[in-house]
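Student: Quick one: this structure, given as structure tokens, is what I'll be asking you about.
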Amino acid sequence: MATPMELLRSKMSRVRIPEPTNRVYKQECCVSFDTPRSEGGLYVDMHTFLAFGKDYVEWNYAKTGNPVYLHIRQTRKAVSEDRPLKKPTLLAIGLEGGFDKQEPEYEETYSIVVLPDYVSLPFPSVELPEKVRLAVDSILLAEGAERKEQIASWIADKKKVSAFAMDLQQIDNGVVVPPSGWKCCKCDKVENLWLNLTDGMIFCGRKNWDGTGGNNHAIEHYNETKYPLAVKLGTITADLETADVFSYPEDDSVEDPLLAQHLAFFGIDFSSLKKTEMTTAERELDQNTNFDWNRIQESGQEVEPLFGPGYTGLVNLGNSCYLASTMQVIFSTHSFCSRYYERQSLKTAFENAPADPTLDLNMQIIKLGHGLLSGRYSVPIKETDETGNDSTSTSNVKQEGIAPRMFKAVVAASHPEFSTMRQQDALEFFLHLLDQVERANSGNAEMDPTRSFKFGIEERLMCPSGKVAYNKRTDYILSLSIPLHEATNKEQLEAFNKLKSARSLEGKSVSADEIVRPRVPLEACLACFSAAEEVHDFYSTALDSRTTAVKTAGLTTFPDYLVLHMRKFVMEEGWVPKKLDVYIDVPDIIDITHLRSKGIQPGEELLPESVAREENAGSSEPLANELIVSQLASMGFNYLHCQKAAINTSNAGIEEAMTWLLSHINDPDIDDPIPTGTGNTDFLSVDQASLDTLISFGFQEEVARKALKASGGNIEQATDWIFSQPDISSSMDMDATTSSAQNTVDAGLSDGGGRYRLMALISHIGTSTHCGHYVAHILKNGKWVIFNDSKVGASIDPPKDMGYLYFFERINS
């Protein structure tokens, strides 16, 4: 029988030494939320560098045959309860000398494990093969891929190549930079040092607001010499992409494609250097993620912590509360629970996932679903006393929650905003998520959970001739205006405004307890949606002139889950955003039966569509749908621009035209007149080769032609456009003229009665959707629960009147 060492040596072909560009996962399992701190620790595949928890590593062995793993375990060190708090010397968090966060400390141990029999060999050990020792050292020294992605996200925009990099002048002044022992040329600073790439001089960085950092000598040197680029010493490694290069004239971190050449000029061999300093992005990440919201928020309520299946918190990754609140609500719906938890096992998802499951949306949604709903990670944190025994704390009990890093990385990969660490709009993220999920399930509509949110909207326009036009679209949310004039507490508001004016004359302000906010019933907001609205400058084909039409709207279907968006953020004069300080009185049960659209009615006569076409017979003049044009124009857009938007999207609908208009508003030819009567058909023409390509993919010619027009002839964008319009092939004419056409558009949408029960709400604290904090309240088993990032507890007083997004579940009779 072979010894453990002989067994390891026989598997050496399956061991690789990671290169600087390899993604190394060592902090989190790629199919679960197990970490080195979990029972059983974490196993890092020494061939692919993917990590797996104890219950999942055998799946990877069965799938790949990779037998050698680095086993990492972290155990909490005993902490004395009477440990004195360090007195802060800096007004900072996450920095030496800052506030003592009393974070637990962990001891890390390693071993080499060979599957399938879990044969273990200790590490470190000089008896291990050199290749194994080098591989483990490289894995342990490597920046974890999980943290790399976080750091990359903190950089708001992808670093741009500096305009000064390619032609950078370097002075041959005999300077040779040693591999270590650096010091500022003007002071004694030995950290936060920057090498000027023109003259090789080393200076300290800028002084921070709290007194830390350098003495500004690097930027002073630039001001004197105008030498533009500098690189931070200590961030230079074999992976040059991670080096921190700063451009003073561009005032930003930049990319230097010739950095290796620029370093070699001063005798620097970058391949031998080790990382000793944080980059600017890394330092910002540390300071933000260590900032614990719950420690500075005084809720004033003692919330009873909840644990178990469905009560798992989500760790704030740094401004990720918009994602956390949205996903908690999403996974409280039957459609998403069924699709990604009840009907889909982790093992099957992993077996069907690509070689790198961290990049697969389906795998990561399923992973998140199992993490939130299984209860595996929703347990009280175990404290360790001085004797090393575990004991569940009875005071201030909480859970660690799970960190949705891999999910966020993959769902946000295609979005320039969600891939950053800036705060985002929860509504925009909700719609982006549904779009991604719908695309991922495009080949299997029955499995698509987004259908439970989708519904049809029909708009009816009547011109003074008495004739009507109908326009239909689908949506996931019902966006509601808030009619402040419908407030039910007008007398109290009037008294408050008088008090406010009187205090103002005295040079005083009202206290928080004295503030009175308008209270508007939700019924009034719903009434605004369906109320008649004037559409000015509407072109009537019946009157052959521009006039004022009357528009009303209704729903053609009622979804399983109705999402109401309260338009609390409005634009004041001068395009200044403002948040309405208002309460919405929302009942637990609503009935929207009266909002159902009835479609074309007996005796109604549709506006003719053929008049303009007949007048232009034989002419190549493109025709814009006046309904779409008028709606866009009523929003304040230039009428010609609106016509072009409708034409270039083949009159597909108001949303498509709006998207085109916003992306082409700065085109140099946007104000050019539309070609008329010249025989020129290029304005609406599409490339035949591109058209044939799309047809070869199996798309209908009419659909392919419309997609190419909407995407400016780009095949890839045209394909995306088609997949984002799942009903397009069955609803080519967006202006319904018959009830049968309406039924075709509504095909595949869920429908039922109009009675709904409030099941969740997402509230926002702050002055803008892009700052502040989001919190979710969800009705579970008849009781309201608050989800505040990783904090989950029984809600004492859910703020039903302060919601930004309301989620209602249809009551099935």
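Please read every residue number as a count from 1 along the shown chain.
In case you wondered, yes, glycine gets a Cβ from its N, Cα and C as well.
Not my notes, these are from TrEMBL:
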- 160-270: domain 'UBP-type' (DOMAIN)
- CYS184, CYS187, CYS204, HIS217: Zn(2+) binding site (BINDING)
- 312-811: domain 'USP' (DOMAIN)
- CYS321: active site, nucleophile (ACT_SITE)
- 622-664: domain 'UBA' (DOMAIN)
- 685-725: domain 'UBA' (DOMAIN)
- HIS773: active site, proton acceptor (ACT_SITE)
Student: Going by DSSP, how much of the domain 'UBP-type' (160-270) is helix, how much is strand and how much is coil, in residues?
Tutor: 19 helix, 21 strand, 71 coil
Student: Taking the centroid of the Cβ atoms of CYS184, CYS187, CYS204, HIS217 as the Zn(2+) site, which other residues of that chain lie with their Cβ within 8 Å of it, listed in sequence order?
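Tutor: Filtered neighbour residues, in order: CYS185, LYS186, ASP188, LYS189, LEU193, PHE203, GLY214, ASN215, ALA218.
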Student: What is the total of other Cβ atoms whose distance to the Cβ of CYS321 (active site, nucleophile) is within 10 Å?
Tutor: 26
Student: May I ask for the distance between CYS187 (Zn(2+) binding site) and HIS773 (active site, proton acceptor), taken between their Cα atoms and rounded to an integer number of Å?
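Tutor: For CYS187 (Zn(2+) binding site) versus HIS773 (active site, proton acceptor), the Cα atoms are 43 Å apart.
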Student: The residue listed as 'active site, nucleophile': which of the recorded positions CYS184, CYS204, HIS217, HIS773 is the nearest Cα neighbour?
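Tutor: Its closest listed neighbour, by Cα, is HIS773.
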Student: Going by DSSP, how much of the domain 'UBA' (622-664) is helix, how much is strand and how much is coil, in residues?
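Tutor: Its residues fall into 30 helix, 0 strand, 13 coil.
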Student: Starting from the Cβ of CYS204 (Zn(2+) binding site), draw a 10 Å sphere and report how many other Cβ atoms land inside it.
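Tutor: Summing over all protein chains shown, CYS204 (Zn(2+) binding site) has 25 other Cβ atoms within 10 Å.
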Student: Within 10 angstroms of the C-beta of CYS184 (Zn(2+) binding site), what count of other C-beta atoms is obtained when all protein chains are considered?
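Tutor: Summing over all protein chains shown, CYS184 (Zn(2+) binding site) has 21 other Cβ atoms within 10 Å.
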Student: Quick check for the class: what is the C-alpha distance, in angstrom and rounded, between the residue listed as 'active site, proton acceptor' and CYS204 (Zn(2+) binding site)?
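Tutor: Counting only the Cα atoms, the answer is 36 Å.
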Student: Let me make sure I understand the structure: which of the recorded positions listed (HIS217, HIS773) has the fewest other Cβ atoms within 10 A of its Cβ?
Tutor: HIS773
Student: Note down the number of other Cβ atoms within 10 Å of the Cβ of CYS187 (Zn(2+) binding site), including every protein chain shown.
Tutor: 12
